[in-house]
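Data first, discussion second: the structure below is written as structure tokens.
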């Protein structure tokens, strides 16, 4: 019996030791853990319940209101479109500013601008109460945390989508207002009309809008039409006259009821024409004036007009070179018809001006050839009867509005040939004086009676007769040669000279009038073109 009680107590002791080694501890040996102060945790839970019901991920940000607000915004912001109701839309308000008109490619109809967009909209998911976050009403957060509207540059060949910097920030307000600045550098199509070059004005439009969101989901609204120009840099060739921002929509061709909202900048540009006037217009006009005046003035001392053709050809060549320089600066405006080839609709004003000057110089060259032909005709036919009847009135001493009084007209009988004259006195002719100078001094002809017949002069010894005959023959040859030189010198009759000079004056006045009209029409194209 005693042995049975000892075995029973040993068994109980071994079981108690096994339970202690396996982790079973009696209640009197278990100690309670210290109490945890979870007041801050419950306070954060209360704040989150008031502002959306989500727990802030960083409990250590209680001492930094900005960090706590930034953490809250990051956890509440949406990367997709922030719409709480499916039938609502987001209105995105846009203002624009212009930096510079970088380039205007006139041959390819491309315009490059540098600008920026001031964009703001409301996001209902990131509203907070300033008194909860230390009175903070505005904060700047990375733009990659929030949703932002897309801006696609329509009709652009470069810079279609703005490139956001990795460290770009957005401005957030406590009422859900989100504001950011979008920098744009785009090269877009701009149809250029050269009709009034170089006094032309161009209008270029730069449109941007949503590519994926329809207008009933995202609506782009121009906050104000005026574009900010405080930081604008002028272009050397183009002068900005007006800059506006307008609303617009574009429709999908495949879906008639589908439209996309957009805004577009409209820039009105005016070309600064001083460069072209000084380098192209002024030299060409001066060359034309010199050529026209040179056509109607004697080139050399003898008054002959044959060398004027070279002046006309050189003038036309110089104007052709200037026209080639002009072709590099402009092109014809083409009217584009969808599905068809373009057709030339407007000829540039500068082209019309150049072609008009070339035509004037060409016609003046032809007129100069007429005067040369008339001069040669006058040298071959110096008599009054050879003057055409329709230009005889130009031979008058004075002209009164193209009417020639009878008292000022030349009498054609005064220039008619008298066939009844039997002998011509040599005392008053220039041939007589020249002949006297050609007579050798060692031979005395004063003793010869000049009125005596020739057979009386030749009487005498045979040697003396032969000497006298040879002298007379040599004198006659010298006189004939002298007359040929006088005729070749181009001495015109007075009436012929007066007729040709007056024709040249009328022609010069006419061409100067044409050049003046051409210059005035070029400077004031709005009156006629």
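Glycine too: its Cβ is placed from the backbone N, Cα and C atoms.
All TrEMBL annotations are machine predictions without curation.
Among the features that TrEMBL reports, domain 'Neurotransmitter-gated ion-channel ligand-binding' is placed at 73-272.
The signal peptide annotation in TrEMBL covers 1-17.
As annotated by TrEMBL, transmembrane segment applies to 274-299 (among others). Same-chain residues lying 6 or more positions outside the transmembrane segment (274-299) and placing a CB less than 8 Å from one of its CB atoms are 197-198, 237, 305, 307-308, 311-312, 315, 318-319, 322, 325-326, 329, 350, 353-354, 357, 360-361, 364-365, 367-368, 504-505, 507-508, 511-512, 515, 519, 522.
Annotated transmembrane segment per TrEMBL: 311-332 (among others), in sequence order.
As annotated by TrEMBL, transmembrane segment applies to 352-374 (among others).
Sequence-distant neighbours of the transmembrane segment (506-524) (same chain, 6+ residues past either end, Cβ-Cβ under 8 Å): 281, 285, 288-289, 292-293, 295-296, 349-350, 353, 356-357, 360, 363-364, 367, 371. According to TrEMBL, the feature transmembrane segment maps to 506-524 (among others).
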The domain 'Neurotransmitter-gated ion-channel ligand-binding' (73-272) [mean pLDDT, rounded to integer]: 90
